[in-house]
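Working notes for the structure below.
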Amino acid sequence: MAAPRSCGLWRYCCRGWSCSTGDCRLPRLHRSWARATPSARLLSQEKRAAETHFGFETVSEEEKGGKVYQVFESVAKKYDVMNDMMSLGIHRAWKDLLIKKMHPLPGTQLLDVAGGTGDIAFRFLTYVQAQHQRKRRRQLRAQQNLSWEEIAKKYQNEEDPLGGSLVMVCDINREMLKVGKQKALDQGHTAGLAWVLGDAEELPFDDDQFDVYTIAFGIRNVTHIDRALQEAHRVLKPGGRFLCLEFSQVNDPLISRLYDLYSFQVIPVIGEVIAGDWKSYQYLVESIRKFPNQEEFKEMIEDAGFQKVTYESLTTGIVAIHSGFKL
């Protein structure tokens, strides 16, 4: 279903949502957030006292959320630079492939979770704009009898270059969202883009709202992966698609040893030099080793209710893209 036309940059504030330009509507907030009593909301957000992992450290589930928040609050301003340094720029190709696999058409409604700095969102907007432009050119070529003035007028009258597409960037970390919003302004992304502060384990949206759900390098940081997957399934429309880009398990023994050496001996040093933060990048390296392998994560996605679940390992399994559908 197409989004309202001319959707500008949304802002989240203490009183709700506002739109800077255009006649915009936002996907409905989840009823439990809108209508529940304060006590019920507090109860729904309580975390069990069970233990979990924070990298290689054992912590309580409640403690992990705060620790992960501090990590990304600390690295937010250097997050994109560090991604380039740590992956030698390869992360860009991985994200490009994620968008190509999605192959969004004009009118697609995307929810990008843990997408604070906007890398996936901006790629999505660029892709759908190019798709919409190609569609318009095909339509005009099919109307060979139009005069030059009529063709020019059609281009001038086009109000929405995205064909009704909208990407909602949802992140639990305010600092990451702040960086993403500034990047959007710097790169000129002002239409079809919205921002919301929200938890992947309890998304503030109603059921059946989005065509596609993406999460890139974020799901390994949530406390309860199963809950995040269930929420992804809930907010997708029937027929909607789940796409996850995440670090995974290297399938070549020699490359695995070299990768471990680079991860544990080099990446924390780069983090200290570039971002002034050794510990955060030590955690990020350790969190990759604690994340399920390709097959195990595939089973978790299926357990959340998704069907036709597949995955593709990239760069010998350093990362993988998992895909599933809500059918």
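Keep in mind that glycine also has a Cβ here, set from the backbone N, Cα and C atoms.
Note: TrEMBL annotation is automatic and uncurated.
As annotated by TrEMBL, S-adenosyl-L-methionine binding site applies to Thr117, Asp171, Asp199, Ala200.
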(message) On a simple 10 Å Cβ count over all chains shown, which one of the binding-site residues Asp171, Asp199 is most densely packed?
(response) Asp171
(message) Among all protein chains shown, how many Cβ atoms are found within 10 Å of the Cβ of Thr117 (S-adenosyl-L-methionine binding site), not counting that one?
(response) 25
(request) Taking the Cβ of Ala200 (S-adenosyl-L-methionine binding site) as the reference point, list residues of the same chain whose Cβ is under 8 angstroms away and which are at least six residues distant in sequence. (result) Val113, Ala114, Cys170, Ile172, Ile215, Gly218, Ile219, Val222, Ala228, Glu231
